[in-house]
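For reference, TrEMBL has these:
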DOMAIN    20-122  domain 'Serine hydroxymethyltransferase-like'
DOMAIN    155-427  domain 'Serine hydroxymethyltransferase-like'
BINDING   162, 166, 167, 168, 288  (6S)-5,6,7,8-tetrahydrofolate binding site
SITE      273  site 'Plays an important role in substrate specificity'
MOD_RES   274  N6-(pyridoxal phosphate)lysine
Ligand SMILES: *Cc1c(COP(=O)(O)O)cnc(C)c1O
């Protein structure tokens, strides 16, 4: 990196300028860096973007309205945004080998919404929203949705169940995808906890979905997308793959051949801020067949594109094309394996018995605690994670029995496999010394717990030593 000292002092100046307008925001921004630097971040969906990616977001590209597509904007003066969007889409197409890339979605949810409407528009005669006398999908009533679903031909969506690792946007009621479609979900094998392709194929034959969604947020294994496409073809369904979590492993060529979704899916959606290490945002990759419908994402479900974020996507994708990024992606997977082995050796149960991607899902039930207690005990011990359901979770979706771990963020700081073994030691130490308190009824609490002060301090010291050895943005001081 060029002259870090100069970059540091530029940021100091910028934060000083911001502080003159609203000191609390300058302070919170500084504090966030301190906090991120000081803890072991094992949240599987988070990462650290590079300084060039972060800096690209803080510019006047934010000031431009550019609804429409490159060369076909609803506003004048979009020549520079056209350049930005063209470069980002070009990088995305080349990096992932996709026929078409749409880089406007503001987030993963927006990318999925764009994809769902595009698939409907492509395969089904869809009524115009204006017929309902509303301005946007958010204004539709329950009755309108019922009518809409019917007008779509009562289309069906088959996605992975939440407790097997699927995502809310794969057809679940709190998300609009659960209102647009009749949804059913596929789970994992009760014994192995692995995807059961034969069971999925049988389910697809019976349910006859318009769309099969593959992809996950908490499944610690690779998926065979060739098999997924075969299943989709066997029932005439569209295969949509949501690679939000593992896009970095695809970009870094850790997932190749049948584990690469792009050659097999009709439509691929993703976030750009998880393992891909880009800015917070989303993206849709599609075959030529679906490209014209995907292009209508704005204004169908998206507002004006975030030009500054599209610019940062272009920078992040340029980084992801490098040999260094391939090494990074391989290290993410190697580190997850080392973390899993370290935990197994220390008696921690893992869903599916291990990992071959960037996710490790602990089942903490054997320690007599809930996911919520484990998450809280780890947090006060310097380890940031999130609780997560395990398949058929006895503690439900709020307390849970699982804790999800991921290696993208620590790998960005340069953690190695031996560091991951040390992290596993800290985690196991905390879990072993966390006991539920007893409720008034004499039952173990699902939320309150006691953690021994010694175990907590050992973990805090260990975490401090590890993050100290691998500084975030080394040399960057604000
Ligand atoms: C994170 C995630 C999303 C949503 O991304 P946001 O940017 O938070 O909207 C969608 N799908 C999957 C599989 C995810 O893991």
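In case you wondered, yes, glycine gets a Cβ from its N, Cα and C as well.
Owing to the predicted nature of the structure, the values given are computational and were not obtained by experimental measurement.
The distance from the Cα of residue 162 ((6S)-5,6,7,8-tetrahydrofolate binding site) to the Cα of residue 273 (site 'Plays an important role in substrate specificity') comes to 21 Å. Annotation note: residue 162 ((6S)-5,6,7,8-tetrahydrofolate binding site) sits in a helical segment as assigned by DSSP.
Under 6 Å, Cβ to nearest atom of ligand 1: this is the test, and of the binding-site residues 166, 167, 288 it is passed by 167. Cα separation, residue 273 (site 'Plays an important role in substrate specificity') to residue 167 ((6S)-5,6,7,8-tetrahydrofolate binding site), rounded: 16 Å. The two recorded residues residue 288 ((6S)-5,6,7,8-tetrahydrofolate binding site) and the residue listed as 'N6-(pyridoxal phosphate)lysine' have their Cα atoms spaced 26 Å from each other. Remark: residue 167 ((6S)-5,6,7,8-tetrahydrofolate binding site) has 159, 160, 215, 216, 217, 242, 244 as non-local neighbours, by Cβ distance under 8 Å and separation of at least 6 in sequence. In this entry, (6S)-5,6,7,8-tetrahydrofolate is bound by 162, 166, 167, 168, 288, whose most widely separated C-alpha atoms sit 31 angstrom apart. Cβ-based crowding with a 10 Å cutoff singles out 162 as the top-ranked of the binding-site residues 162, 168. Taken residue by residue, the domain 'Serine hydroxymethyltransferase-like' (20-122) breaks down under DSSP into 62 helix, 9 strand, 32 coil. A simple way to gauge crowding: the CB of residue 288 ((6S)-5,6,7,8-tetrahydrofolate binding site) has 8 other CB atoms within 10 angstroms, across all the protein chains here. Here the domain 'Serine hydroxymethyltransferase-like' (20-122) has a mean pLDDT of 96 out of 100. A separation of roughly 16 Å, to the nearest angstrom, links the Cα atoms of residue 166 ((6S)-5,6,7,8-tetrahydrofolate binding site) and the residue listed as 'N6-(pyridoxal phosphate)lysine'.
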